[in-house]
Amino acid sequence: MTAIIDIIGREILDSRGNPTVEVDVVLEDGALGRAAVPSGASTGAHEAVELRDGDKARYLGKGVTKAVGAVNGEIFEALSGLDVEQQAQIDQIMIDLDGTPNKSRLGANAILGVSLACAKAAANSLDMPLYRYVGGTSARLLPVPMMNIINGGVHADNPIDFQEFMILPVGASSFAEGLRYGAEVFHTLKSELKKAGHNTNVGDEGGFAPNLPSADAALEFVMNAIGKAGFKAGSDIVIGLDCASTEFFKDGKYVYEGEGKTRSISEQAKYLADLVARYPIVTIEDGMSEDDMDGWKELTDLIGKKCQLVGDDLFVTNVKRLAEGIKAGRANSILIKVNQIGTLTETLAAVEMAHKAGYTSVMSHRSGETEDSTIADLAVATNCGQIKTGSLARSDRTAKYNQLLRIEQQLGKQALYGGKAALKALA
């Protein structure tokens, strides 16, 4: 009854107006699973390959008809008739079929679309929510949202070198309450930026992109908005940064073009330590560049006991890179992006490895998103306790938050909220 009888790939648009892959998996019993694949702007060099057509006459070269062709052709032929509940087997067949170390032949976007659609079809066939199907009966932890309210770096056209300034409502008693905290700060920040004469248009992830000269200036606005919204910074709401520092690491130095400053590896680590000392910053993502291994070790030794240090470009959701990092003592947390690795099975393996080593994990969106809310279910399924899915604007972001509200309601009294315990720096 749960045999795969059809796989249908199609080209759809993401939140930036670029093509991406959507896949439907149809089962013998009539159940259907649908998944759409996200796409990043600041991508790690070690990520699985997103296959684009490269035909400049169509979508400026960003079409995905080759990946869709792989879904409808080779991948369907290899999986037709298989039991959809055999997720690990299905994912391994696709990995072997691709035959490259980084999924570059068929495309991680093709493989991931099928992988996630299979899990959704299986859940629908069993009449189970996806978080329950993937996570079993222990899946009940609602994640703390890391809400990206000020954007800089490659996500914005402003001088701020860091990519994201986030708020985390750790003092809330439930996910729904935490979301309200975030929304109230978001609207307060908007009016404060307006008062100061700043543009309040939103960026790719729904955050504001004001023309501010430095990280300090952005942090002052965030602190002010938290207080003016009636919350206490450091207890109700804490702050997170995504430096995306690979983007401004040049010739062994960190070049802050917006600030007009250049910092050495040691100076970069000390600068971040100074920010942590002056603001209630409890999590920093990609504080060092993806290949600056010495810098990562230095930063971890310096502030790893009091701050969550999240490896995104450093680990790219890859168990091999994560294992190396754990062994060397680099970072203490991993960002989980399903499209960095390209299958559900490998994604779950990365979360499991992190948790076994005492590292935290953060489920994450990409800057190019769709209305697909799979990562909301995966955050609950893995009990990871944290999710990063943008700001409180744009339906491609709120789709994930709204799904988490539904899950929390469905779990009822069983639901737990990550809160301060989700971040080891606060526990």
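For all residues, glycine too, the Cβ spot is worked out from N, Cα and C.
Site annotation for Mg(2+) in Swiss-Prot covers Asp242, Glu285, and the matching candidate from Asp204, Asp216, Asp312, Asp313 is Asp312. Cross-referencing Lys190, Lys337, Lys413 with the (2R)-2-phosphoglycerate binding residues that Swiss-Prot gives (Gln163, Arg366, Ser367, Lys388) picks out Lys337. Within 10 Å of Asp312 (Mg(2+) binding site), counting C-alpha to C-alpha distances, fall the following of the binding-site residues Gln163, Lys337, Arg366, Ser367, Lys388: Lys337. Looking only at Cα atoms, Glu205 (active site, proton donor) sits nearest to Ser367 among the binding-site residues Asp242, Lys337, Ser367, Lys388.
Separating the Cα atoms of Arg366 ((2R)-2-phosphoglycerate binding site) and Asp242 (Mg(2+) binding site) is a whole-number distance of 13 Å. Under DSSP, Lys337 ((2R)-2-phosphoglycerate binding site) is assigned to coil, being neither helix nor strand in the three-state scheme. Listed in sequence order, Pro145, Met146, Asn148, Met166, Leu335, Val362, Met363, Ser364, His365 are the same-chain residues six or more apart from Lys388 ((2R)-2-phosphoglycerate binding site) with CB atoms under 8 A from its CB. Ranked by Cβ neighbours within 10 A across all protein chains shown, the binding-site residues Gln163, Ser367 are led by Gln163.
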